[in-house]
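A.B. asks: Take a look at this one; I'll ask things after.
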């Protein structure tokens, strides 16, 4: 229940692939410069998710698909020079980087997805 339940794919909600954010998070995690076009694409894709409650969920889904694509296990490097924990925190801060509003149910820093504080994402 709650506003985030509208974001459940089981209810017919279509999860955004966030391809620009995938590229941005991978580049940031390995310490590479993010081209302006990639940043702009990511931020636009995130802003296009009309329901603010669904933005972090979409980022979490995107992150899980990156892990699956790369065959990542807990505590391992996702890419050379990029550990899973760093990629998770990088993805969680995308709303803050893009200045795209998200709900802040935890009272923590605004703009950072709440799931960054929990293991398993």
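A Cβ is built for glycine as well, from the same backbone N, Cα and C atoms used for every other residue.
This is the feature table in TrEMBL:
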DISULFID  7-54  disulfide bond
DISULFID  21-42  disulfide bond
DISULFID  29-82  disulfide bond
DISULFID  43-98  disulfide bond
DISULFID  56-113  disulfide bond
A.B. asks: How many Å lie between the Cα of residue 21 (disulfide bond) and the Cα of residue 56 (disulfide bond)?
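C.D. replies: Cα-Cα, rounded: 12 Å.
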A.B. asks: Near residue 29 (disulfide bond), which residues of its chain come within a Cβ-Cβ distance under 8 Å, counting only those 6 or more away in sequence?
C.D. replies: 78, 79, 81, 82, 86, 87, 90
A.B. asks: By Cβ count within 10 Å, point out the most packed of the disulfide-bonded residues listed: 7, 54, 56, 82.
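C.D. replies: Top count of Cβ atoms within 10 Å goes to 56.
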A.B. asks: Nearest by CA distance to residue 98 (disulfide bond): which of the disulfide-bonded residues is it, out of 7, 42, 54, 113?
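C.D. replies: Comparing Cα positions, the closest of these disulfide-bonded residues turns out to be 42.
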A.B. asks: Whole-number answer please: how many Å between the C-alpha atoms of residue 54 (disulfide bond) and residue 113 (disulfide bond)?
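C.D. replies: Per the Cα atoms, residue 54 (disulfide bond) and residue 113 (disulfide bond) stand 11 Å apart.
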A.B. asks: Could you check which of the disulfide-bonded residues (7, 42, 43) sits closest to residue 56 (disulfide bond), going Cα to Cα?
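C.D. replies: Closest candidate to residue 56 (disulfide bond), judged by Cα separation, is 7.
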